[in-house]
Amino acid sequence: MFNNDPLQKYDKELFDLLEKEKNRQIETINLIASENLTNTAVRECLGDRISNKYSEGYPHKRYYGGNDYVDKIEELCYKRALEAFNVSEEEWGVNVQPLSGSAANVQALYALVGVKGKIMGMHLCSGGHLTHGFFDEKKKVSITSDLFESKLYKCNSEGYVDMESVRNLALSFQPKVIICGYTSYPRDIDYKGFREICDEVNAYLFADISHISSFVACNLLNNPFTYADVVTTTTHKILRGPRSALIFFNKKRNPGIDQKINSSVFPSFQGGPHNNKIAAVACQLKEVNTPFFKEYTKQVLLNSKALAECLLKRNLDLVTNGTDNHLIVVDLRKYNITGSKLQETCNAINIALNKNTIPSDVDCVSPSGIRIGTPALTTRGCKEKDMEFIADMLLKAILLTDELQQKYGKKLVDFKKGLVNNPKIDELKKEVVQWAKNLPFA
C-alpha cells in the first residue's frame, strides 16, 4: 500500500519549489567552481528503484540477501573508475561507496594513521579544504584536526605552494600523511616534489583531486597516480556526476592498504551504501572515457584561461596572476570590499559564486576574495568569446558593491539594505537572466 501519484499531483508545494530551483539554475550564470550539471541518464540512476535495496558490505560479501544485481553494478563502477583514470587493477584499487568527499577524506585518513595520527595539509586560507586538518586559533574547526594531530602549511605571498617550506615543516613535524590537492589553488601540483618529501619523512602521500579529477583523467594536468599512495575525488564537480566520492589506493606500493581503506569505509564509518549513487557514478564514468568528455574538459580549461585574461585586461587582481585549471581566485583588496559583499551583490543579479580567502587572509569568515570557475558554464555550451560578457558583469558587480558600501556602510547587514529595490540591481539582473536563458540546459 503506497501512493503512486507523480510529485506534481502528490505534493504540489514541494514540486513548485523544485521547479523554482530549476528555473533559478536556468536563469543564473553559475561560476561556482565546485558545481556542475548532471545529464539525464545520471539523474535517472539517482531516482531508480535500486535505492530501495540495502546492501551492507562489499560485492559477494553482503549482510543482506538479494544483492546479485547490486554486486554487478558496484563491480561495474569499480571497473570504470580504474579505466577512467587509466590505472591498472594490479597496482590500484578503489572504493566506490563513500557518500561524499568529506566522508572519503576522513575515512582514508583514519585508515592510514588512526586516531591521533599525524597529518599535514594546506591551510584553508591558502586553498586547502576543511578535511585536510583545518583548525584556527580559537578551535579545531574540522573533525580531522580533532581526530588527528594536524599541522598546516601555507602558500607564499604570491599564492604558490612553497615546497621548501613544506619540506621544513614535514621534517620538524614528522607527519604520517601529507595531503596535496586543494579547493581554491589555481595552479598545477608538484606531486613528484611531494613524493620526495614523503619519502624523506616516511609518510603517505594523499592527493585530493576533487576539483581537478577530469584534468587528471584527460591528461591535461600532472598525474598524482604516478606518485601518490591514496587519491580521493568527489564525482559531482568537474566529473559531472552525482554527489558522491571515490577513494583510490596503491595496493602494489602498500600491501594491505586495501583492507585498511575498505574496513574504514565499512563498517567503521558507514553502513549500507547508497546504491543509486553508485549506479549514477558508474553511468558518468562511462562518459569520462569518451572523446566527447575530453573535448568538454579541454574547453573548461580554455574558458578558464580566457576568463582570467579578460579579468586581467580589466585590471582585476588574481591570485598567482592567472590559472592552470578551472578556477580563478580574485583578490578584491584594492576595491576595499569583501568577498562576502560581492557574493551578495552577485546573488542579487543572478550570478552564483562564492566568497573565498586569499593567502594573506587571517579571517576565513570575512575573506578578501572570490572563487569562480568554468565547469558549469562550459557544460551549458559557453566558449572563450562568452568570457568577455562574464568579465564585464563581474566588474560591474564589483563597482556597484563599492558604491553601495560607501552609501550604506561596511557592516554586511547594512550593506544588504542597498540591494533591495535598487534599479541598478534590477537592470543588471535583467541583463544576466536574458543572457543565461539562451544557454542550453539539460
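Residue 1 is the first one shown; counting continues down the chain.
The backbone N, Cα and C atoms fix where each Cβ goes, and this holds for glycine too.
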Besides Y54, S100, G101, S102, G272, which of H236, H326 does Swiss-Prot list for that pyridoxal 5'-phosphate site? H236
Quick one: Cα separation, C364 (disulfide bond) versus S102 (pyridoxal 5'-phosphate binding site), in Å? 19
Where the record says Y54, S100, G101, S102, H236, G272 bind pyridoxal 5'-phosphate, what is the longest distance in Å from one Cα to another among those residues? 23
Restricting to the same chain and to sequence separations of six or more, state which residues have a Cβ under 8 Å from that of S100 (pyridoxal 5'-phosphate binding site). T234, R243, S244, A245
Within its own chain, what residues at least 6 apart in sequence put their Cβ under 8 Å from the Cβ of S102 (pyridoxal 5'-phosphate binding site), listed in sequence order? L130, T131
Under DSSP, is C364 (disulfide bond) helix, strand or coil? coil
Could you tell me which three-state DSSP class C125 (disulfide bond) falls into? helix
